[in-house]
Amino acid sequence: PAMSRRVVRQSKFRHVFGQPVKADQMYEDIRVSKVTCDSSFCAVNPKFVAIIVESGGGGAFIVLPLAKTGRVDKNHPLVTGHTAPVLDIDWCPHNDNVIASASEDTTVMVWQIPDYVPVRNITEPVVTLEGHSKRVSIISWHPTARNVLLSAGCDNLVILWNVGTGEMLLALDDMHTDLIYNVGWNRNGSLLVTTCKDKKVRVIDPRKQQVIAEKTKPHDGTRPIRAIFVADGKIFTTGFSRMSERQLGLWDLNNFEEPIALQEMDTSNGVLLPFYDADSSIVYLCGKGDSSIRYFEITDEAPYVHYLNTYSSKEPQRGMGFMPKRGLDVSKCEIARFFKLHERKCEPIVMTVPRKSDLFQDDLYPDTPGPEPALEADEWLSGKDAEPILISLRDGYVPIKNRELKVVKKNILDSKPPPGPRRSHSTCDSDFSQPALEEVLEEIRALKETVQAQEKRICDLENKLCQFTNGTD
């Protein structure tokens, strides 16, 4: 009898359920892109939802403020700078007004999106990153270092960029012998995991430019594999068995030979896109063309990957956006929000843990990565690592107002010493005494401090105002 007492595994996530929002909370009349490509087509953050759309002769995506639900005006401006279809988009984790796009035109573009809706199309990117020789189908920002962006193309090349200077930091070539299916960072951005048409999963140290672990055929089938890092550096994969059944796998880097878990799910040919929430250790699987989202909790006890439930609907999904934790409504015990793309609309789906209390549920919301980067790009490149800077969601998260992305192109002349003896440019050097200069510098210093203090005060007041008006403008 002692054995049978605990039949059901204890977990606060056992009863998580999904629910679509009401009809007027959807985004209607959007011509979602029909490009055949296994990317998610949708990127969201606490301010905006961005969706890759159809566009005649070129590539475009639409950006809508989250609150702008309902029918989208057919003349709503688009972001149109690419000369061929857009294949992937990704919001910068450290600036909610900055988004990167990758295109069939071989370029990556980074865009500054204003807080107001612009009158006409946005056509000028802040920076264009050129380095791939074929279409670019994957982009992903570094989780903790400012302005570091990864792109992967059909030239089997992975490039890391410093968006702040527009320069290439690293190119990982000679690693992948075929098409790259997906690329994912670990939590602090020290390692990458990639999947490839050559049937290998690779774990790469990008700064050493080394493959530190690899697994051939984690799934026996021929269809595309996906891989992501989950907690404790383990790797979660989705793929297909030899009999074309969809599978999931959990792997330990230190023993890549044998899976910790390998489970069959169903026979369907859609590639399963995994979305992982580190705070709850839940992985959500969304198949392109499926009409359901399956979700599993990953723990340290066998069988390690525990099926929780399936959210089912009638309509198949063409793509899926996944809101970062800081964009969720903690007062409703929401632990995930998906943005499901249909042919002509985008439908938010809310995942909730049923709780009776109105109080903040701190066990559901551990501190979570906030919008501040932990490192500068050059610190990361030189070998430093840092965990994400965490914030509390106890009082909800108020998005920060638009911060401009400044791109300072390095001038090649800067690094060369000036030729010949340096002549002074100023004619009044001799009359300008040292004490007078000191005085001016002191005054500039004081002014700087005043400006910074005012800037902070304005920012605080704006945030307070946001809380009062709460998005009703």
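Including glycine, each Cβ sits where the backbone N, Cα and C put it.
No curator has checked TrEMBL annotations; they are predicted automatically.
The domain 'DUF1899' annotation in TrEMBL covers 6-70. TrEMBL lists 79-113, 129-171, 173-214 with the feature repeat 'WD'. Positions annotated as region 'Disordered' by TrEMBL: 412-431.
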Quiz item: Can you count helix, strand and coil residues in the repeat 'WD' (79-113) using DSSP?
Solution: 0 helix, 22 strand, 13 coil
Quiz item: Under an 8 Å Cβ to Cβ limit, what residues of the same chain, 6 or more beyond the ends of the repeat 'WD' (79-113), are close to it?
Solution: 33, 35, 37, 39-48, 50, 52, 55, 58-63, 121-130, 132-141, 143, 146, 149, 151, 153, 161, 163, 324, 369, 371-373, 399-400, 402-405
Quiz item: So what pLDDT does the repeat 'WD' (129-171) average out to?
Solution: 97
Quiz item: How many helix, strand and coil residues does the repeat 'WD' (173-214) contain under DSSP?
Solution: 0 helix, 22 strand, 20 coil
